[in-house]
Structure formats: C-alpha cells, structure tokens
C-alpha cells in the first residue's frame, strides 16, 4: 500500500519540486523506513518501516524513468531507460545474495546505503531541462541542456524544439484525472495503462515470488532454479538494455517477449498437467524449470523494462504528472493483485493458472500489435505529436 500511495503522489510531487527533488525526498523516506525496520521491536514499527520503503519505491518507480527520458538524447533514450530496470534486477539479486549470509536486520541496514548514494548523487547531476523550461526557469534550462549534451555540442535546434513544444502547451490548465479521458488524450492513457496491466497480469510476480514453490511442486531443485533465473534476468536485461532496444525498437521486443512468455506459460502448465495425471514423470522437472527460464528470459528482454520506457516517452509534459501517476498506480495495484491471487489460483488448478496467464499473453500480443506505437529514434515531442 505504501508503493501505491507513492505512485499516486509521485506525479504531483515531481511536477512541484522537480525530478531531482522528488528523488531526494524518496531517498530520505526510504532511508528512514530501512532504519525503522532495522530498529523495530514489534509488528507496528516493522509494518510502518515497510510502508515508508514502499512509498519511496512507488515514487521512484515513476520519477526515475521520466527523468531518464527527459535528459537522454533520442538515440540513447531506450538503452538508458532500460538500464534502470537492469540495476533494479541487479539490486534484487544482490539483496537475495546478501540475505543468504546475514540476518534480516543487517539486510535492512544495507538498504540505507543506496538511499544515501542517491540523495547525495543528485547534487552532482543537472535537473531535467524540460521540467526547468516548463516552470519558467529559462536560463537554467539552457545551462542544464548544455551540461547534458557536452560543452562543445550545439543545442540550439534541440532547445528550440523543446521550447516551441512547451510553449504550445503553456496555455493549457493543469491536467486532472477527467482530462485523461478526453478524446485527444485517451490513446496515451490506454497505451500506458494497458502496458502496465499486461506487464503484471501475465503473471510475473506469481512466477518470481513463488518460483521455488513452482520448482518444488514440479519435483525440481528450488535452489538450482532460483540461481539460474537470477543469472538469466541480469544477463538478458543487460542484453536488451545495451544492444537491442535502440536497434530493434520497442514493438519487436515487446512482441518477442510476449510470445516467449506464452511459450513459458504453456511449458509450466503442461508440466503440472502431466504431473496431475501421472504421465512422463521423468521429464516433468526439466519441463517446469525450462518453462520458468523461458518465461523469465522473455520477460527480461521486453515486458520487464519497455512498458516503463514507453510510459516515460508518450505523455505530454502537461499530462505527465497526472497520467504517469495513474499508470504507476495501475502497475503497483496489478502487482499486488497477481501476488494475492496466485495461491488461490494454484489451489484451484496449477496447470489452469498458467494457461490463464498464457491467455493474458495472447491478449498482450494483440494489444501491442494494434495500439502500441514505435518510439525508437524520435524525440519526446515527435512521439507525442505522432499520437495526437
């Protein structure tokens, strides 16, 4: 619930105090949360600490992709935005490894370190030029853009495009939730919300949170499976971030990812179906593990990072706070619903659970093919004009 509240308020906060200001605030709140967890003597402080860390995480999950998109040159924007997901994966894997050798209090204390690095690190980087121009800080806008592009770069054309686009939006009032369903804005919202919905309802949290349970239920080694999928996540997310997203584009990777997850769901579902009927028991562990690895690998190259990349690209800056906050809330609520319902679905039917997730993958493929735009190689202003 902390993450959901953080997502709800993230857009307004980042519009009011800036992208860097929102990141600093989130780092302070998260650090306090980790310290409360470390010092907790009972359930109430432990839950409050988790709420604060969730709030910080929910805010950062919106602000960081938006900040990266707003400072990046068009040819590197996809790769830089995907690196955010890569470091999230590396962070999760690191906490998994640290947690294997220290107790939970020490693990909570290690969570303070990244918060401190983020807080002080933001003092050494420029603010988003687009946000500076939006709030009327014109001289700071040019200084920040020049720092980001290098002292010898000619920023005249890019600065002019940004200023012209923002000037066209200057007369518009602050966006409200009702503005999001306006005819000229609804496509932005459908694409952003739809991608976040499918990112979660393909069942990713069910697979990750309960991967060991899946391996055990299928008769495979949980330790081996967890190690393999952790390594795979890091490698394939890095591959998508550094080599593929700005070469192949967003849509091809999303389509490949959704098809791969469909195959993974079918493999996992078939392993449980065979087990239920006592058929070919000797191949069931290999089938289950390969299904999980195919699923995780496919998610890592596309659906894991690209919805956040596209979310940070498609919304006009006057809608970004409100629409981005809504999209982030949808992501966190969907994540919670998938995690909450997974055990109930598994009790109902283990193989049916993954066939349902496979059906959602099919819907995701159709959605991507019909509605999701290709944003590779375009400026943010060109993307938003294209979708009007």
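Here the Cβ of each residue, glycine as well, is placed from N, Cα and C on the backbone.
Curation plays no part in TrEMBL annotations; they are all automatic predictions.
Listed ranges 107-125, 126-144; the one TrEMBL annotates as transmembrane segment is 107-125. The average pLDDT computed over the domain 'Major facilitator superfamily (MFS) profile' (1-376) stands at 86. The transmembrane segment (83-101) is not in contact with the transmembrane segment (252-274), judged by fewer than 3 CB-CB distances under 8 Å for residue pairs 6 or more apart in sequence.
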